[in-house]
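Q: If you scroll down you'll find the structure; I have some questions about it.
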Amino acid sequence: KYYLNGGDSLISPFLTTGVVASILAMIATTWITKFWDKIKMFRYTQIITFILSALMYFSVGRENLVLAFAFYFLINFFCDMQMPVFWSSIAEAVDYGEKKTGLRVSGLAFGGILFFQKFGMGIAGGILGFLLSHFGYQADVEQSARSLTGIALMMTLIPALFHLAVGLLMKKYLINNEYYRDIQLALAQKQA
């Protein structure tokens, strides 16, 4: 609306582009994980999202509407490819825990994740408000150069750093496809 000088008429097409990219990402993930390790895919898509977000910040100017849409599509596509893997990894971690401890805590695991997602959204809303205020954002008026820079940072570089952190942290996640098959086999033998 502000950064690309598109006004309110730009919001709906921009958001629709993101939703379409997300839907296609879910479909692509289902296909890709049949042939490639899902944890590697998760890690690499986060790093690709980091790179695309940084590139968007440095290459999309206020007049680059088509380029902004292209980057927004690609960022949403690669970012959301991890979603199915994220949710399946919770179930895999529950199975891993059952193998190690003999206790199955799926309700606690999924409930804990949902609680902390909601908690994180609340904190993120507060941080967003703080950042908008810090950069001098004023609703429905012409934005200053400082507030436009802040908007661009909040859409690109700031989330990019979190994607990079998640991509690097996923190197520590040890339940890959092969290891999970071993866990399932061990649990099946234990139940038999």
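Heads up, the Cβ atoms here are built off N, Cα and C, so glycines get one too.
Because TrEMBL annotations are produced automatically, they should be read as predictions rather than curated entries.
Positions annotated as transmembrane segment by TrEMBL: 12-32, 44-60, 66-87, 108-131, 151-170.
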Q: Could you tell me what the rest of the chain brings near the transmembrane segment (66-87), counting residues at least six beyond its ends with Cβ under 8 Å?
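A: Those are 4, 13-14, 17-22, 24-26, 28-30, 32-33, 38-39, 41-42, 45-46, 48-49, 52-53, 55-56, 59-60, 163, in sequence order.
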Q: Looking only at residues six or more beyond either end of the transmembrane segment (108-131), which have a C-beta under 8 A from one in the stretch?
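A: Counting only partners 6 or more residues beyond its ends, the transmembrane segment (108-131) has Cβ contacts under 8 Å with 90, 93-94, 97, 150, 154, 158.
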Q: Excluding the flanking five residues on each side, which residues at least 6 beyond the ends of the transmembrane segment (44-60) place their CB within less than 8 Å of a CB in that stretch?
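A: Beyond its ends, the transmembrane segment (44-60) has Cβ neighbours at 67-68, 71-72, 74-75, 78-79, 81-82, 152-153, 155-157, 159-161, 163-164, 166-167, 170.
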Q: For the transmembrane segment (151-170), what are the same-chain contacts with Cβ under 8 Å, counting residues 6+ beyond its ends?
A: 2-3, 39, 42-47, 49-50, 53-54, 56-57, 79, 128, 131-132, 135, 137, 143
